[in-house]
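Visitor: The structure is given below, and queries will be raised subsequently.
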Amino acid sequence: MKVLDQSLLWMLLPFFHLIASAAEHEEVAKHAIKLHRGKGATATQRKQWALDSCRRLTGLLRQKNVVLNKLKNAIRAVEKDTSLSGEEKLFQVHTFEIFQKELNESENSIFQAIYGLQRALQGDYRDVVNMKESSKQRLEALREAAIKEETEYVELLAAEKHQVEALKNMQHQNKSLSMLDEILEDVRKAADRLEEEIEEHAFDDNKSVKGVNFEAVLRVEEEEASSKQNMTKREVEDGLGLSMLIDSQNNQYILTKPRDSTIPRADHHFIKDIVTIGMLSLPCGWLCTAIGLPTMFGYIICGVLLGPSGLNSIKSIVQVETLGEFGVFFTLFLVGLEFSPEKLRKVWRISLQGPCYMTLLMIAFGLWWGHLLRIRPTQSVFISTCLSLSSTPLVSRFLVGSARGDKEAGDIDYSTVLLGMLVMQDVQLGLFIAVMPTLIQAGAGASSSVVMEVLRILFLIGQILFSLAAVFLLCLVMKTYLIGPYYRKLHLESKGNKEILVLGVSAFTFLMLTVTELLDVSMELGCFLAGALVSSQGHMVTEEIMTYIEPIRDFLAIIFFASIGLHVFPTFVIYELTVLVFLTLSVVIMKFVLAVLVLSLILPRSSQYIKWIVSAGLAQVSEFSFVLGSRARRAGILSREVYLLILSVTTLSLLLAPVLWKAAITKCVPRPERRSSL
């Protein structure tokens, strides 16, 4: 320790002169400002000021070299000191190296500032591109400096912690410990080892990864009415890391994985959001029920009121949407549970041909209108494909209960045809997402690469078809050998313990979801197939599972429809009401007419009457256009204006869908069957 004290004294000696001459430096700074402003700027004074500044800088650099030499000598002395343990030697040497790094970084900062000033003086103030490039270089340098400073600060914290631990060990060695103190000391050491084992060092591991950018963020604490409560909460959140971060692009972040995994944490923003949605969904859904509208209207209105265009009280929008996706999963599982595989064999040709013909017709109309309006072909294809998709969760809510009464009928029923076509559209969605990167590149590609792009698209289509064949082959094997024994074992083990049955069915659904996702097919198709496989075990199994899963589905579906409302912007709709109403009605009417024409060609004569109901179910735009639109906007396919138009048209078509569905059911379905369909 004597060596350490002497070394630190030698390190601090050069800075005593700097402290003593602080007043003189302040005068020099004031004089430099005057010179910069042109006050008292005689030639002699400017020359003398430059000479003095260079002399002082040279002296500081000379002092820095002297200190570095003394640090090297101190490091050698520590390494030769036999009285120190190996760990203590490493700690002292590391402390000296931190100080060396600080001196070198300070010197580099001086020369970087001089270089930046020189580059700025040589540049043209009218050249915005050059100034932007200079600003970008300065920003990168500041980011790198911030990372280095952050790393040094963390190392100093570790050094401080080491000193505190060394002091504690010295105190414990000088006094006798009681039995309880010895136990606590052992626990402390074990806790230290545990923290070292579970710490991942994610910052250090990822800062050098390719594609990682350093950005400045703001840390925002929750405001409290009382300043005392605010300080208390801030101290707690500083320790728990539950505050919000905001980057320069106004993206907001919440902690996902803490450094210390031994302390339990909860995202209070997310909890408040779910509680608020649950409380406001009740009056909104109740009001819609009272006036004869579907409850999903109320849930969407709830999202509008709480979203960015309303009270803006939802902070964890991404987390709410993610939880809402589970509502889609369980909704499609129940749809598959009500779906009859035997009836699927009757309509598989209709389910395959109908969506393909409709998508091709929509793309053809889109390219035609795009040619008339001089829109890029890639943009026309993308918009047409987005608008050709229909909402599977929404129509599934329409069909809940409708298939049960029709299962014993011999003719093709509208629910089976509609579900088959929607499942095929989900497959098309997965195919379109796979082809989307090629579509993005096609906008900037040369004519010589058209053949390669076509071959690439054909390869992707073949890959998707192979994945579909693998999925259906797996389903056939599961139905024959797995699902029966699995359910019987699950039912036997869950006697009087329904959570095991619920968990077993949910796990099977998630397994199918994961399999289809790994094979680049939509996760929604996996949930639907899971329900269809379980339904093959008979009517009693279907009723039992439906009784347990429906409450879970209902709650998560509320979150899903509320998350749709978060993307509804009433002010934008009001500003462009005439245009949006015209576009929405045009899209709905076009999809309805195209569906009627296609179904008239592929439906048997005995089932022609259901084409009106099926067309009404398909005459809206899928909520997945939100996802596709956001990807296309980031990729540069869509402009901001077109993206907002797609969002608004999609939302208005979803709001119009229940009215159109109710009108079609009232007009085309016999009275005894209406109650289960409405």
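Placement of Cβ uses the backbone N, Cα and C atoms for every residue, glycine included.
From Swiss-Prot, for reference:
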COILED    124-204  coiled coil
CARBOHYD  Asn174  N-linked glycosylation site
CARBOHYD  Asn206  N-linked glycosylation site
CARBOHYD  Asn230  N-linked glycosylation site
SIGNAL    1-22  signal peptide
TRANSMEM  286-306  transmembrane segment
TRANSMEM  317-337  transmembrane segment
TRANSMEM  350-370  transmembrane segment
TRANSMEM  417-437  transmembrane segment
TRANSMEM  457-477  transmembrane segment
TRANSMEM  499-519  transmembrane segment
TRANSMEM  555-575  transmembrane segment
TRANSMEM  579-599  transmembrane segment
TRANSMEM  609-629  transmembrane segment
TRANSMEM  641-661  transmembrane segment
Visitor: Do the transmembrane segment (317-337) and the transmembrane segment (609-629) share at least 3 Cβ pairs closer than 8 Å, excluding pairs fewer than 6 residues apart in sequence?
Guide: no
Visitor: Look at every Cβ pair spanning the transmembrane segment (579-599) and the transmembrane segment (609-629), keep those 6 or more apart in sequence, and say whether at least 3 of them are under 8 Å.
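Guide: Answer yes, regions in contact.
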Visitor: Let me spell it out: take the transmembrane segment (499-519), skip the flanking residues so only those 6+ beyond its ends count, and list any with a Cβ under 8 Å from a Cβ in it.
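Guide: Contacts of the transmembrane segment (499-519) (Cβ under 8 Å, skipping residues fewer than 6 from its ends): 329-330, 333, 467, 470-471, 474, 483, 486, 490-491, 493, 525-527, 529-531, 533-534, 544-545, 548-549, 552.
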